[in-house]
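The compositional bias 'Basic and acidic residues' annotation in TrEMBL covers 1-23. Annotation source TrEMBL lists region 'Disordered' at 1-24. Here TrEMBL flags 27-45, 78-97, 104-126, 154-171, 178-198, 210-228 as transmembrane segment.
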């Protein structure tokens, strides 16, 4: 007995079209929500004193008195960076990166996440050292290693954001203001370490906080856009280009 073929039925086709339309919207909204959770975590820091230039005695006392805060800080760091990778990976999918460029961005994200997982683990090591009978020099070395690790991942994040935003601007899959803000953020993150070392002969200075502030504003703007306007702009651009090509080359 022959069964009717529903694959070309209008209702079946429209159902597939609706599903294809909903998927990018759902991914965009989930990405925007992840970005906002990341921003909330940014402001939940336990503020260890080794980030504020406190003396060795103050750092030792704080580490020994607040091991739980250090464990929380390590977990917060891990969750933040996982959200960051997910956010940027979703943008890679949204703007349609292909080929070697996409592979390069994946490599940057993987390397950044690896560095930040080590950073998270060092927090746990500082907490462990503070709770056990470990020499003061060992505790201080781990604490200041934790501080210096904050300067190691920004370069990789900056390159990834720069590439994503340039592609989003060229393909019109990101709003121009957000794309340009991301490009500026990427440039600051990329050039910041070299400029800071040249100016002050140290990794500490204005460029690090400036890059962080720009990144926070960029993620806030991008997250709100993905939540409020979760459509698939790349598909809209491709559809408009198809219409223009059809009008420019009418069937004879």
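Placed from the backbone N, Cα and C atoms, the Cβ positions cover glycine too.
Here the transmembrane segment (27-45) does not lie next to the transmembrane segment (178-198) in space: the count of CB pairs under 8 Å, restricted to residues six or more apart, is fewer than 3. Within its own chain, the transmembrane segment (104-126) is flanked in space by residues 63, 70-71, 73-75, 77-78, 80-82, 84-85, 88-89, 92, 97, 139, 142-143, 145-146, 149-150, 152-153, 156-157, 159-160, 163-164, which lie at least six positions past its ends and keep a Cβ under 8 Å from the stretch.
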